[in-house]
Amino acid sequence: MEQLKKNEAFGGPEGPVVLVVMDGVGIGKNPESDFVKIANTPNLDWLREHAIYTEVKAHGVAVGLPDDGDMGNSEVGHNAIGCGRVFAQGAALVGDAIASGSMYEGSVWQELIANVNDKGSALHFIGLFSDGNVHSNINHLEAMLLKAKEQGVKKARIHPLIDGRDVPPTSVLEYVERFDAFLADINADGSVDYCVASGGGRMNITMDRYDADWSMVDRGWKAHVKAEATPFASMKEAIEQFRANKPGILDQDLPAFVIERDGAPVGPIVDGDSVIFFNFRGDRSLEITKAFEADEITEFDRGPKPNVIYAGMMQYDGDLGVPEKYLVTPPAIDRTMSEYLSNAGVKQFAISETQKYGHVTYFFNGNNSGKFATETWMEIPSDVCPFENAPVMKAVEITDEVVKAIEGGEYKFIRLNFPNGDMVGHTGVFDAVKVAVEAVDAGVGRIMEAVKQANGIMVCSADHGNSDDMCELDKKTGELKLNEEGKCKPKTAHSLNPVPAIVYDPSGVSKARKADVADAGIANLAATCITLLGYVPPADYTPSIVEVG
Ligand SMILES: O=C(O)[C@@H](CO)OP(=O)(O)O
Ligand SMILES: [Mn+2]
Ligand SMILES: [Mn+2]
């Protein structure tokens, strides 16, 4: 790969370039629903007036998703910011592999099917049960089940992870109804036995990330593999009972359940079975994958590992080569900004707290967990508690370290992620979201001051929206959905809104001014940072949003 060339017109600032990713902080459309507006944000307000301020796209095709109805998410967002280009992402690649049939021609699919057909064992599907298209898509699950039947698989067991985080917060019964009808249909001729075996809310079981809370994986393993969780006759019954036990509970937090028939669980995972983890996104797939693949595991008391053929929907980590078997090849994200800067000898510092640590490192580097030579990564441990109870999260600690890094003078490029707008946005608790956004603004303010002192430059943006759009809209009318008291109904998912892209050069050394870029998206931030560091961005990166020199 070629070396970055120095820009003759501007050789970079004296201090560092600092890229702030305000996770889930977009630009809202509805005043009642926009908690970025509602929060008190003096620093962001000042920047909007006095710095270079533009809006960039962070959803749909601008970040490699199938269409503009798809909200952005952290994976595709950080991939785009880190590699400066737009790659067709998991949702699109899996959709295409299923539509064209190429997935079923692959050796992994064939091995999974042959295994159960030879042994008369069960084909299991574990994954996120919605059409959110962030981690998975229920359409992919249904398509694979139809293909399995066509190819002679007699017994399939499905382990749904209940969403409510990429789709409305208490919408699971809509998916259950649809899926029950699908199952009734596929089972109708009596030739196969396909049913739900176990499940639970995605923030309660299985889908932990970045080693934040392995007890989630423990509960998931118990339910899916050992069939140890509260037994029910159906998924619908489980959900209704859990809701009656704890009114107001969100889908993502629902406890684990197991389905029993004639007094016995219908689908523990046992020797000889095949298992497909059908999420395509990696962060929340890596731990359960480790549980199925590792010979030894210390993170929880797994017990004996059943001898199964396990495959992920995608390869989740390119550097580690995990999982060993996968159905669809991930986007070939190469030549990231981190790699270019490393080759140019630019020292880089990346930091967030646990919940977003992998976002600003592994996602940023194209879903690779390895570091480049000039990179230093720092993780601040996240709290393990409902984030509505601690909405400031680790914003202060992250900022402390960033300020130290700016003052220390060692790093020329510093990148960080403030999780608050997103993690607290996902709780749907309005008051907490306001506090969360204010914590981000306070952090940005301190970084602005440190950048000013060091004669550096700050670039401040987001990976997608969330806290800017906290109320459910009626799909048909586009109006806010109101509850019985006339208040708006909390929305827990990301938004489709654009995000800010701010360039703050307090010393004015770069002479940065808005460039004329059509249709800018967050992918344009990579070239922007490289330009502000005094280099000419790679020719195939989407262009910088500023001109300098
Ligand atoms: O929590 C997550 O896994 C997703 C939402 O599904 O959020 P983000 O993309 O911001 O990480
Ligand atoms: Mn995010
Ligand atoms: Mn999120």
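Counting starts with 1 at the first residue shown.
Each Cβ is built from the backbone N, Cα and C atoms, and glycine gets one as well.
What TrEMBL says about a protein is an automatic prediction, not a curated fact.
TrEMBL lists Ser74, Asp463, His464 as binding Mn(2+) 2, and of Asp23, Asp516, Asp519 the one it places in that same site is Asp23. Within His224, His494, the residue that TrEMBL lists together with Asp422, His426 for binding Mn(2+) 1 is His494.
When the C-alpha distances from Asp422 (Mn(2+) 1 binding site) to the binding-site residues Asp23, Asp166, Arg209, Asp463 are tabulated, the minimum falls on Asp23. Around the Cβ of Arg284 (substrate binding site), a 10 Å sphere holds 24 further Cβ atoms from the protein chains shown. Listed in sequence order, the residues of the same chain lying 6 or more apart from Gly282 (substrate binding site) and placing their CB within less than 8 Å of its CB are Glu75, Met314, Tyr316, Asp317, Tyr362, Asn367.
Considering only the binding-site residues Ser74, His426, His464, Arg284 (substrate binding site) has Ser74 as its nearest partner by CA-CA distance.
When the neighbouring Cβ atoms lying within 10 Å are counted for each of the binding-site residues (His135, Arg209, His464), the highest count belongs to His464.
Here the binding-site residues are Asp23, Asp166, Asp422, Asp463, and the one ringed by the most other CB atoms within 10 angstroms is Asp463.
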